[in-house]
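What TrEMBL annotates here:
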type    : residues                                                             : note
REGION  : 1-247                                                                : region '2-C-methyl-D-erythritol 4-phosphate cytidylyltransferase'
SITE    : 28                                                                   : site 'Transition state stabilizer'
SITE    : 36                                                                   : site 'Transition state stabilizer'
SITE    : 167                                                                  : site 'Positions MEP for the nucleophilic attack'
SITE    : 224                                                                  : site 'Positions MEP for the nucleophilic attack'
DOMAIN  : 247-400                                                              : domain '2-C-methyl-D-erythritol 2,4-cyclodiphosphate synthase'
REGION  : 248-408                                                              : region '2-C-methyl-D-erythritol 2,4-cyclodiphosphate synthase'
BINDING : 254, 256, 288                                                        : divalent metal cation binding site
BINDING : 254, 255, 256, 280, 281, 302, 303, 304, 378, 379, 380, 381, 385, 388 : 4-CDP-2-C-methyl-D-erythritol 2-phosphate binding site
SITE    : 280                                                                  : site 'Transition state stabilizer'
SITE    : 379                                                                  : site 'Transition state stabilizer'
Ligand SMILES: Nc1ccn([C@@H]2O[C@H](COP(=O)(O)OP(=O)(O)OP(=O)(O)O)[C@@H](O)[C@H]2O)c(=O)n1
Ligand SMILES: C[C@](O)(CO)[C@H](O)COP(=O)(O)O
C-alpha cells in the first residue's frame, strides 16, 4: 500500500475531497458557443475528461464542482452518469471566489485533505494526483509544478525588453493543488473577510496564510486550456490517440504447492480448507499472477523484481501489497486499468461461493468497478500436478490504457 493510501485508510472522512472549479467564462478562448470547459475534445466535453480521472481514482471521496449559474444544464449533459456523485455549487466572480464556495460546500463532509483543480486541465493523470496527495501534510500543501524552460524577459511600457529575469528556481504552477482541508478553508475565509481577492491560485493563498507548500513534479501534458488554440490542439491530441490508442495487455502465471494447513488465501479471500499453499508470502497465487500481468503492461519487470523472495520483510505478507504496488506503478505512468481477468486452476477448494468477495476485494485493490473484474475457476480434469491435487495454478490478464498513442 502506498504511503498516501495508508494515510487515507486511516482517514475516517471517506476519501480526499475535491473542488473542481468550472465557473469561468473563458474570455481568452473566446468560444462563441459556450465556455471552454464544455467544448468538445475527442468527442466529449473538456470537463467530462477531467471528471473521469478524479472519479475513477480510488482515493477520491466527495467531489464538488463550482459552476456558473447559467451552466447547470451544460454540466448535467457533460457529466452524464458521473452527475450522481457530484455536489454542484454556483461559483463566484473570480477563480478564488469559486474555490472558496466549493470548499464551503465540502464542510459537511469534513475531508482531511482537499485537492483543488481547474476543470480546464483535462490531461491530469492519476500519477500526478497520487504525487500531490502524498505530499500533503498536516500543515503542508502540495503544488505540482514544472521548472520554467524558456528564458524570461520583462517588457517595458514601450514594448522593449527592460531586463532578462533569472529563471533559477522559477516554476510554472499547475493543478490539482492539495492541502489539509481546514487550514485551506480558513485561509480562504480570512482572505474573503479582508477583501483580498487577487490570488490566482490556492498555493498563493496558502503562502499568504503561512501554510508551507511543497512542490512535486507536474506533468507537461497537464496543460490548462486557455486559448482557442489550446482547445483545438487538445482535440487533435485525443482524436489521434483514438486512432491508435495505447492499450496494452499483460499476462501472468503462478503456481503454489499445498502443504499442511487449514486455509488458502485466493484473490485476497481466506477460504477454510484442509491444507494451505506454501510460499514466502501468503501464497495468494491469483494475486501473484495478477501482479505480473499489471507489471507487464508497463515493462516493469515481474513480482520478484519488486518483492524478492529472499527479502525477509515479505515473509507471510498479504499479497494485496504486491497488487497495490503494481497498480500504483501503472497509475504513475498515467495508465488506467481497463479490466483484470484471473483464472484459478484447482480441483479444490471450490471458488464459486467466494467469487463475489474476491471481486469486491480486487475492486478495492485496483480502484476499478467490479464489472471490470472477472474471476473464473476450472479444474484440471484430474490431469497433471493440479489434477493430482498437489497445488493451485493461476493465470491472469490485465488491460491498461496509457496516455498518448502507439508510436508509429
Ligand atoms: N469566476 C471563475 C473564474 C474561473 N474559474 C475556473 O478556474 C479555472 C481556471 O481559470 P481560467 O483558465 O482563467 O478560466 P476562465 O476564467 O474561464 O478564463 P478567462 O480568464 O479567459 O475568462 C477554470 O476551470 C475556470 O472555469 C471559476 O471557477 N470561476
Ligand atoms: C491555478 C492555475 O491553473 C495555476 O496555473 C492558474 O493560475 C489559473 O488560471 P488563471 O489564468 O491564472 O486564472
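Each residue, glycine too, has its Cβ placed from N, Cα and C.
Taking the region '2-C-methyl-D-erythritol 2,4-cyclodiphosphate synthase' (248-408) as a whole, pLDDT averages 96 in the prediction.
With a 10 A radius on its CB, residue 256 (divalent metal cation binding site) counts 20 other CB atoms from all the protein chains. Across the structure, residue 303 (4-CDP-2-C-methyl-D-erythritol 2-phosphate binding site) and residue 28 (site 'Transition state stabilizer') are spaced 49 Å apart at their Cα atoms. Around residue 380 (4-CDP-2-C-methyl-D-erythritol 2-phosphate binding site), the C-beta neighbours below 8 angstroms that are at least 6 residues distant in the chain are 345, 346, 347, 386, 387, 393. Same-chain residues that are not part of 254, 256, 288 yet have a Cβ within 8 Å of the Cβ center of the divalent metal cation site turn out to be 255, 277, 279, 283, 284, 285, 286, 287, 289, 392, 393, 394.
In this structure the C-alpha atoms belonging to residue 224 (site 'Positions MEP for the nucleophilic attack') and residue 281 (4-CDP-2-C-methyl-D-erythritol 2-phosphate binding site) are separated by 45 Å. Listed in sequence order, the recorded positions among 28, 281, 288, 385 whose CB lies under 6 angstroms from an atom of ligand 1 come out as 28. On its own chain, residue 281 (4-CDP-2-C-methyl-D-erythritol 2-phosphate binding site) has 288, 307, 314, 315, 316, 317, 318, 319, 322 as residues at least 6 apart in sequence with a Cβ closer than 8 Å to its own Cβ.
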